[in-house]
Every structure is written in C-alpha cells, then in structure tokens.
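Copied from Swiss-Prot, the annotated features are:
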- HIS121: active site, proton donor (ACT_SITE)
- ASP60, HIS62, ASP88: Mn(2+) 1 binding site (BINDING)
- ASP88, ASN120, HIS169, HIS244: Mn(2+) 2 binding site (BINDING)
- 301-316: compositional bias 'Polar residues' (COMPBIAS)
- 298-322: region 'Disordered' (REGION)
Amino acid sequence: MDYDIDAIIEKLVKARNGKPSKQVQLSDAEIRYLCTTSRSIFLSQPMLLELEAPLKICGDIHGQYSDLLRLFEYGGYPPDANYLFLGDYVDRGKQSLEVICLLFAYKIKYPENFFLLRGNHEFASINRIYGFYDECKRRYSIKLWKTFTDCFNCMPVAAVIDEKIFCMHGGLSPDLNSLDQIQRIIRPTDIPDTGLLCDLVWSDPEKDLTGWGENDRGVSYTFGADVVSRFLQKHDLDLICRAHQVVEDGYEFFGKRQLVTIFSAPNYCGEFDNVGAMMSVNEDLLCSFQILKPAEKRQRVSQSSIKESKSATNSLKKSKNN
C-alpha cells in the first residue's frame, strides 16, 4: 500500500513549530513504508554515487532532530537545495526516529536530489548498543528496528561530486586501489570487521602520522596526510569530504586542505561545546561553510544563531595541483 509522502513530511516538519523535543509519532505502517520504499531506491542507485554540484553536504546528526530542522531552515527545505548527508543519523540523541524518518521521506520524495550515505551507526551491531534499538523498542517494537536494519544494509557508502570531491562517512582504506571496488560491494550487507567497507565508515585521518596507523577506536586504521595526497593525485581528485569525528568549529581541514571533516550536530550529546556545520558546494566547486550554533536553551532558530563563515571559503579549482 502506498502512503501520502507529502502528508508524512508535513507531519514531521510541523514539529518545528512546537517544543524542540516534541515527538512525532508516525504509525508503524507509515514507518515500514518509508523503510521498504527507500530501501528499493537505495538498491536502484549505485553503491558509489556520482553527483553534481550545486549541493549541500551535512555530517553526523545523531538523533538531534531539532538541529536537523534548523539545518533545513538555513540551507532550504528540499527541493530548494540538493543535499548529501554523510551518515550517522541515529544513536546518542533523543529523536533518532524522527531524524531517520524525515530523511527517508525526503529520499522518497526527491530521489535524484537528496542523498544519504551510510555511517558506522547505520549498522545493527552499533545501533543495538548506542540508543536506536532502545528507542525503537520503547516507542514501537524490536521488529521495526529489524526493518530499519534491512534498509540500512542497502544504503550507499560513498559519493563523488563532479569527479573531484570524494565523500564518505569515515575515511580511506589501505584496500582501496580503484573506486570501482566500491561499486562492486554487494548489497544488502552487514559491516565486516575488517576490509574496505569497514574502513570507509570507520577510519580517521591523524596529524603527525605518515602512512597507516592503528586506530584508537579498536577498529580500522588512521591515515596520514601523505596517504591523502597520494590518493587524490592517483585518482585525479581535489578533496576528500568526511564526517565521523566531533570538531569544535563544525568543520576542520586536514593535510593542506586536502581533506575536510564536517560535523552537523551542535552541542553534541549536550556534552561538547561544538558548533555544527554544513558545506555548500556551488557549480564551480567553490566550497563555503555555514555554521549552526547550539540553540540557546533549545529555542527555535534565530538569525543571530546561524551565520555563514565567509573567511573559510575554499576554492577548489578543477586541476590536480589544487
């Protein structure tokens, strides 16, 4: 049975007019529809997405629903802008269900303009522990959590924008020699303990490191700026864009601006004093950063709490020698 996707979106977005933490309780059947329909769309599109600018890129959201709505208030609700999200929609925050349902609804409504990559928290072994399973169980059922798992197992893991900006949740892999390898990953798939898929969602850049190192997370690797440079040169790319780590200013460059980390959950978990950021890429691949400050006392967004960072604009010229 098909559901009215516009009505579902309206129900979810209407929350912006109420208290920031107000729950939106869709029916079990509506959520199953969102999962099964978006799953089909994910499978109809490549594992490595080939996208075109202009678009806006967002990092981790982690169940911070009111902050997701603030990002859309600022960047424009779809279809006013094209979006690429880099994963980690669920866990830790209080409203993972609202976050993932709205993102899936937009994916269904605008399949060619709205894109969602898989993060390390879109795997059952992780979101079983860090909050999403408990939220599903408390508000709906374990069965519904399993329906989400079936959908997560089909999400794409990487994207290339205009053949120049390579995007993923985590980072590079020592096993990644050709981008075609990503295309060949068979879905549905769970996360392996090692290898290419694991690294794409788990690895981290590390300052003062040359080559590959052990990751303190106990999974995957860390990599140095030299690894980034060699990879970009080999594949004729200009920039790696990833999420996965809290950064104080919402975005942080690494290795002579050859890699950028974007994190979009301000005041993460209520414990970090970070701002969130969203990266806008225009037709000329000029990247600018929009900063989302923590909402004071969780008020609705005001113009004073969001401002564009003009000084941190990075021009990506379409050449190897960026």
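Just so you know, glycine gets a Cβ as well, placed from its N, Cα and C.
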Those residues of the chain, 6+ apart, with a Cβ under 8 Å from that of HIS169 (Mn(2+) 2 binding site): LEU86, GLY87, ASP88, LEU117, ARG118, GLY119, ASN120, VAL157, LEU200, VAL201, ARG242, ALA243, HIS244
Neighbours of ASP88, ASN120, HIS169, HIS244 excl. site residues, C-beta within 8 Å of centre, Mn(2+) 2: ASP60, LEU86, GLY87, GLY119, HIS121, GLY170, VAL201, TRP202, ALA243
Residue pair HIS62 (Mn(2+) 1 binding site), the residue listed as 'active site, proton donor' - Cα distance, angstrom, rounded: 9
Intrachain C-beta neighbours of ASP60 (Mn(2+) 1 binding site), sequence separation six or more, cut-off 8 angstroms: LEU86, GLY87, ASP88, GLY119, ALA243, HIS244, VAL246, PHE263, SER264, ALA265, TYR268
For HIS121 (active site, proton donor), nearby residues of its own chain (Cβ under 8 Å, 6 or more apart in sequence): HIS62, GLY87, ASP88, TYR89, VAL90, ASP91, ASN127, TYR130, PHE132
